[in-house]
Amino acid sequence: MRIALEPRGPTEKRNPLLYGLAGLAAGFALSILLGALTPVGVTGVARALYVNLSEPRFWLLSLPYFAPIAASAAGLALAYRAGFITIGSEGQVILGAVVAYGLLYFMLSQLHPVLALAVAMAAAALAGALYGLVVGALRVYLGANETLVSLMLNYIAVALVNYLVAGPWQSGPFTRTEPLPDRFWISGLASAIVTTVFIVLLEALYVYTRLGIAVDSISRARRAAETYGVDPGRAILVVAALAGAAAGLGGGLYMAAEQHQLLSLGKQGLGYGYMGILAAWLAGLRPAATIAAGLLITLLYNMFVSLQLQGIPASFVLAFEAVIVLSVLASTTLSRYRVVIRHG
Amino acid sequence: MVDVTAILLQGTPEATVLALAALGELVLERAGLINLGLEGMLYFGSALAAYVAVSTGSLVAGFAAGMLAGILLALVYILLVVGLKADQAVTGLALVFLGIGLGDVIGSATQGALAPALSGLGESLVMFTVLILLPAILYIILYRSWHGYTLRSLGEDEDAARMLGVNVTATRILAVLVAGAAAGTAGAFFLMGPSNGRWSAGRAIGWGWLALGTVILGYWHPVGVVAAAYLLGVLYAVTPLLQELGMHAALADAVPYIVVVAALTVISWMYERVGVKPPAAVWRR
């Protein structure tokens, strides 16, 4: 007897949303079971999860993380559709935060807050786009693997922050900068709204412009792309810049809404860019769907606060997110296949 | 005066960590898969190795636990990617998160207790095995045996391999298991070699990603991979030296990564001209 998966025909595909929700439920159940490994046990983790998802207070607290995670995810969705497997949103988020902080603190402090913030966010997006273009250009013109190059650029961005907070921008004995003046602080809700608007714009670009056709065709149907007159190199440069801009903007918003100052990053970076990758795939690589996927990852991420208070390593939440993503991934994949049992 | 010999030797333990994980990943990628989860496997490997080595006091048990940790995550990968045909990139990335998350929970249970560390001789023995013996054996298997031929054919064209009579599923499962075991063992070596048995949260972060880069930098060839790992190890050893020369510590940290980008750019350009190609299923343009 052999068990095999066969692709379903176009007419017999199951509703991926339904399968996705079932996967989500199974993922939650599984990841709560993982709580058995922690000092608080299954019930402790279940309680932390319940509190985080049921109390509006926690939704509000988690909103500042939405910008870097969901914005990265929306940009990456386009990049991955084009077969451009970058993992550079982490570095771009960090660079966006650095640029936004630098401009707001050192150059625009006399300007009207709204104007200064607008300029700083645009510059953060631009910085992210340029950083993304470096990866795109090396891939398109020199054939360098974008996954590795973007990863290296992440570490370079981390090193830049560590240098700034321990060098020219350091304030006081600790490795961090002065906080931004509070007239430049925005609420988590405001940052989430700006992010959502930006994601909707990306979705519109994907649905209503030639870019959508280009990104969908160059990785999966080269010949179709050529028939449409799509230039693959150019399309990759565009998505590299767009994904970078999205992540950079997310970083700028995160700086204004939550962090307000630069802190030493150690080796790890912030991690939001990597969560953005999870959110992008969780959203089925559809920019608009990253709003929901980003919100889910954000809410889960915020759980770390309550877990930490109970003495569980904060990164346990990473395992939690991973199990949920894997479970949704398995279930949505199953919606496209049929399980066949062959005898003999 | 800079002691060149010392620098050339200093990075060898780190190069061994990278080479071991990267050689495993090489096998997997030659079989036409890609596993971004190396980081999680290595991290989980070092954590489980720490937990078991601390509680048993045994070096061997620590290494076995590290290997087991890598295999456990490899089994998840097999279930999803080989079994359910789920997307490899997402599965791999989720494994990164899973490995780091579980690793921190399990590793923190050691509460700072020291695991037994490898002696100088033991460390040299592992380094020799990984940097000299392993690539030689792998080269013979991959390029001089029928099994290696069938494995590589999977990385070029799955359908053609099937025509050759290759059992695609079995070969891929084996390749993933090898990659997981290698990454987990690399994590265990990282703990009991360069880290002298001390586990702390976040210490093993980043090595798995670097190992993934090592495969690309070594252009999917056992000898290239070990050379790339060695280059990265030396760069790692040079970083403190740059600080002595007056470079800011944080900026010196960035130098290895800049060198990798430059090296990769030159190498990709060069190899394409010579005609050396990565497995088509993994990296096509």
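Glycine residues also receive a Cβ, built from the backbone N, Cα and C atoms like all the rest.
Taken straight from TrEMBL:
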type	residues	note
TRANSMEM	B:33-54	transmembrane segment
TRANSMEM	B:60-82	transmembrane segment
TRANSMEM	B:89-113	transmembrane segment
TRANSMEM	B:125-143	transmembrane segment
TRANSMEM	B:173-193	transmembrane segment
TRANSMEM	B:205-238	transmembrane segment
TRANSMEM	B:250-271	transmembrane segment
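If you look at the transmembrane segment (B:89-113), the same-chain residues 6 or more away from its ends with a CB under 8 A from one of its CBs are 34-44, 46-48, 50-51, 54, 69, 73, 76-77, 80-81, 198-201, 204-205, 208. Among the stretches B:125-143, B:173-193, B:250-271, the one making the largest number of Cβ pairs under 8 Å with the transmembrane segment (B:33-54) is B:173-193. Cβ atoms under 8 Å from those of the transmembrane segment (B:60-82) belong to residues 33, 35, 37, 40-42, 44-53, 88, 91-92, 95, 98-99, 115-116, 169, 172-173, 176-177, 179-189, 191-192 of the same chain, restricted to positions at least 6 beyond its ends. Same-chain neighbours of the transmembrane segment (B:205-238): 7-8, 10-19, 21-23, 25-26, 29-30, 36-43, 96, 100, 131, 134-136, 138-139, 142, 183, 186-187, 190, 255-256, 259-260, 263-264, 267, 271, 276, 278-279, 282, counting only residues six or more beyond its ends whose CB sits under 8 Å from a CB of the stretch.
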